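What TrEMBL records for this protein:
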type	residues	note
TRANSMEM	B:12-32	transmembrane segment
DOMAIN	B:72-288	domain 'ABC transmembrane type-1'
TRANSMEM	B:76-97	transmembrane segment
TRANSMEM	B:109-129	transmembrane segment
TRANSMEM	B:163-186	transmembrane segment
TRANSMEM	B:212-232	transmembrane segment
TRANSMEM	B:270-292	transmembrane segment
């Protein structure tokens with residue numbers, strides 16, 4: 001028997017399940033849903049407590065109640081008036097944005113070149129770039145530090161950014177996606193008299209927008225939360241990024257937990273908001289990047 | 001000049017024009033430092049004085065350093081507890097979530113949300129959870145039930161799992177999403193055939209689902225293994241008063257590298273540790289390649 005189009009699962013269920021066996025199955029579905037729901041709520045508890053505590057007065061902080069009795073934004077006012085978080089936030093935004101733009105441009109340009117051009121050395125360049133995936137950042141931080149020291153890059157935006165301006169992961173991801181751009185399109189543009197740079201920018205790039213978006217999410221999030229290298233390369237408080245600043249802030253002996261939670265919330269809320277707005281899109285991007293990259 | 005070139009030659013010129021800057025970047029920012037790190041690992045250098053040749057001295061010192069073996073053990077404990085735990089949890093969640101339609105997107109969001117947080121911020125949140133009565137959330141809840149408080153971060157036995165927990169928690173959402181994509185990719189015809197044959201769910205799971213998920217499982221195992229071997233942010237931030245403590249009970253290799261290089265300024269010794277980390281990661285990646293190829 002041929003299942004009705006569009007409902008293959010339902011029709012085979014109808015064939016095989018008697019009325020009696022359906023009820024327990026539904027009960028099972030309800031229990032399954034409830035357990036997953038409870039698990040999901042537990043998963044977001046740390047985030048919920050972070051935000052809830054950031055809205056509490058000091059005397060309420062050690063109360064396990066999730067909803068504050070008298071919510072206040074006093075902690076946010078205090079932390080932002082302190083001024084440091086403002087700068088760390090600005091630094092992080094600038095660094096993550098510039099790095100993301102650089103990755104989008106260079107990773108896609110290199111990916112495109114390796115995918116669509118035939119030239120001597122192509123294979124070597126591809127393997128060389130791919131092999132850098134094997135090199136852990138932790139191995140490079142010492143030489144990067146020495147390099148930054150001798151060129152005067154320590155404690156500067158450039159110093160924080162330079163190691164991440166291009167990534168092998170992004171290059172590989174973009175190369176995979178340019179495979180799906182038909183060569184005919186490129187050939188046609190060539191006949192129309194566009195030069196190669198124009199073809200890349202006006203013909204190929206618009207066709208891989210979903211991949212660019214996925215890459216942008218990964219690079220931005222990665223740089224927003226990056227810790228080890230910014231910790232090493234910065235030493236004046238004004239140059240810290242949010243994670244480095246937060247780490248030092250939390251360590252100050254006189255800082256109270258509600259203020260630490262406020263700082264943590266400030267560093268987390270922007271990415272959470274972006275995620276909640278573009279949820280479906282981001283999850284699809286993560287799957288694409290995870291499976292293809 | 002350029003006009004006289006053939007189409008193929010023009011393409012070669014364009015290709016190298018596009019690649020010039022990136023090739024320079026990868027050479028200067030990736031390959032040169034890699035060689036440099038290996039070179040420094042054979043030298044003695046404290047940043048200020050002269051660089052002197054040390055031969056294998058740093059590696060010998062590492063071999064005889066009890067702290068290194070403790071750190072080595074910790075690093076693999078993170079891996080050996082963290083990877084299987086997050087693999088099983090994320091599979092169980094994905095397997096059941098895949099079978100639900102009601103509010104599917106909402107549940108998925110709950111599990112994925114922690115992946116969007118920053119490790120540093122969440123390390124501080126969990127650190128607060130772990131404090132003693134009357135501060136920490138966990139111990140306050142326990143005492144609410146009349147259970148004596150547990151020492152988490154101050155205990156040499158509990159500290160490592162306590163530090164690992166937020167790392168597993170934060171990575172879970174990503175793995176769930178990847179598993180669900182893998183489950184979706186299995187053709188429904190397999191399941192329908194199994195149903196017609198009257199096969200039980202356990203057999204379906206072990207004979208159809210898991211074997212077909214093998215590439216996904218290998219990917220997740222490698223991805224999370226590398227993550228746990230490189231654990232740093234969580235440990236550093238949950239133990240800032242005594243990084244890697246108590247008594248080095250939580251110290252992973254990356255933290256030892258950071259300490260040796262940027263607190264002790266013993267660059268040669270730190271570089272030797274990075275070479276060890278590199279070797280470990282390389283072995284893990286090669287095992288992955290073999291597993292994928294034997295398919």
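Each Cβ is built from the backbone N, Cα and C atoms, and glycine gets one as well.
Just so it is clear, the model here is predicted, and its values are computed rather than measured.
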How about the transmembrane segment (B:163-186) and the transmembrane segment (B:76-97): do they have 3 or more C-beta pairs under 8 A, pairs 6 or more apart in sequence?
yes
Contacting positions for the transmembrane segment (B:270-292) when only residues 6+ beyond its ends and CB under 8 Å are counted:
37-38, 40-41, 43, 58-59, 61-62, 68, 75, 215, 218, 221-222, 225-226, 229-230, 253-254, 256-257, 260-261, 264
Would you mind listing the long-range same-chain contacts of the transmembrane segment (B:212-232), meaning Cβ under 8 Å and 6+ residues beyond its ends?
75, 78-79, 82-83, 86-87, 90-91, 164, 167, 171, 175, 178-179, 181-183, 186, 190, 252-255, 258, 277, 280-281, 284-285, 288, 291-292, 295
Would you kindly list the residues that approach the transmembrane segment (B:76-97) from elsewhere in its chain, counting only those six or more residues past its ends and only Cβ-Cβ distances under 8 Å?
104, 107-108, 111, 160-161, 164, 167-168, 171-172, 175-177, 179-180, 183, 205, 209, 217, 220-221, 224-225, 227-229, 231, 252
